[in-house]
Amino acid sequence: MLAPSMHVVCAMSGGVDSSVAALLLKRRGYSVTGVFMKNWDSLDERGVCTTEKDCEDAYRVCQTLDIPFHQVSYVKEYWHEVFSKLLKEYEKGRTPNPDILCNKHIKFNHFHKYAVNTLGADAMATGHYARTSQEDEEVFQQTPTASPITLFRNRFEIRNPVRLYKGADLLKDQTFFLSQISQDALRQTMFPLAGLTKEFVKKIAAEAGFHHVLKKKESMGICFIGERNFENFILEYLEPKPGNFVSIQDGAVMGTHKGWFTLTLGQRARIGGQRDPWFVVDKDIATGDVFVAPTTNHPALFRDTVRTERFHWVTVDPPPELVKTHMMECHFRFIHQMPLTPCTVTLNMNGSVWISLSQPIRALTPGQFAVLYKGDECLGSGKIVQLGPSEYTLQQGRERMAAATQHREQQTPEPAS
């Protein structure tokens, strides 16, 4: 065991995972400080401030563990660096992922700097179900190095980047949400729950007497919206921009909506007077039209290629095989916990990537993150900015070509015998 002088700052959310993370760190003999982060001034639908309750729960755990407790507010930073960007994405017709952005900009940036620079921590820790290539002892041997000012690193500089791996509990694995964090923050981060399952974490919490956090419901909503109705929430911040629901099949106007940003690809469109369900398949933000199709598995919802913006590699550099051949086989997901899909990645000159999937996937959505995996390793992610053609578009193209061929054959005169 290491000398207790090693100081670890643990992010405390008031939930069971971060509470057990702090407990395990203390048991390992580290000097632990618990810090609660406030990112959003939130009232739930009953007008109750859930943040205060969470903060109180985190404080009670720290009292039980007899460790110092601090709280820090990133409400302003969250607004400017996460929420404002989110609104801009919605206005562009995209569907962003606030949890990935929150980890990138707040927890593994502002909070990481606060832990190391203000509280003088040797490392930070969170209750995420994830693992790195470092043993705990190695985390403390990291000396922060200033990033080079030059555009390109010295190619002879010897580097051993820290890698991000799935946690032992594959059902709870949270590497998806950590896929945009910086190498500097990852080098100084510990994940005490790396080798544990959620069930075992609950067992540890029960034995430690953390009953007040065990009773809490898992938070499933977007971090700041909680369980509220999304359409009502977003219309508090964006002006309604009514438009039409248009059938992708025949161009018929099916009904109206309050703004394309209240809808995401693949969701059921609430259209009055329609007996059968229709689903959102595309948006045209220039006209405000939202295209819909009957049936949840309509071919207009399925595509097998996406392009990302500049890809964020957890290890900073793209994998050597991708650099060498510009192509690589790996696995893809764009929703947490969705099954991984085999894919081929092509690296573009500007750092963006094209991803070709082994099979078409339903409701691939611009603004979401394409997260790549190679075995157990999470390679990183890139925001989806362009989609390939849908199965429906390809189908129509094939039908048009067949019709044109048939037409030509009919027009061609029989050769005279």
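The backbone N, Cα and C atoms fix where each Cβ goes, and this holds for glycine too.
Summarising the annotation, TrEMBL assigns compositional bias 'Basic and acidic residues' to 397-411. Here the compositional bias 'Basic and acidic residues' (397-411) has long-range neighbours at 389, meaning same-chain residues at least 6 beyond its ends whose C-beta is under 8 angstroms from one of its own.
Each residue in the domain 'tRNA-specific 2-thiouridylase MnmA-like central' (231-293) gets a DSSP state, and the totals come to 7 helix, 24 strand, 32 coil. The domain 'tRNA-specific 2-thiouridylase MnmA-like central' annotation in TrEMBL covers 231-293.
Under DSSP, residues within the domain 'tRNA-specific 2-thiouridylase MnmA-like C-terminal' (304-384) fall into helix, strand and coil as 6 helix, 45 strand, 30 coil. TrEMBL lists 304-384 with the feature domain 'tRNA-specific 2-thiouridylase MnmA-like C-terminal'.
Annotation comment: TrEMBL describes 397-417 as region 'Disordered'.
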Legend entry - Per-region confidence, the domain 'tRNA-specific 2-thiouridylase MnmA-like C-terminal' (304-384) (mean pLDDT, whole number): 97
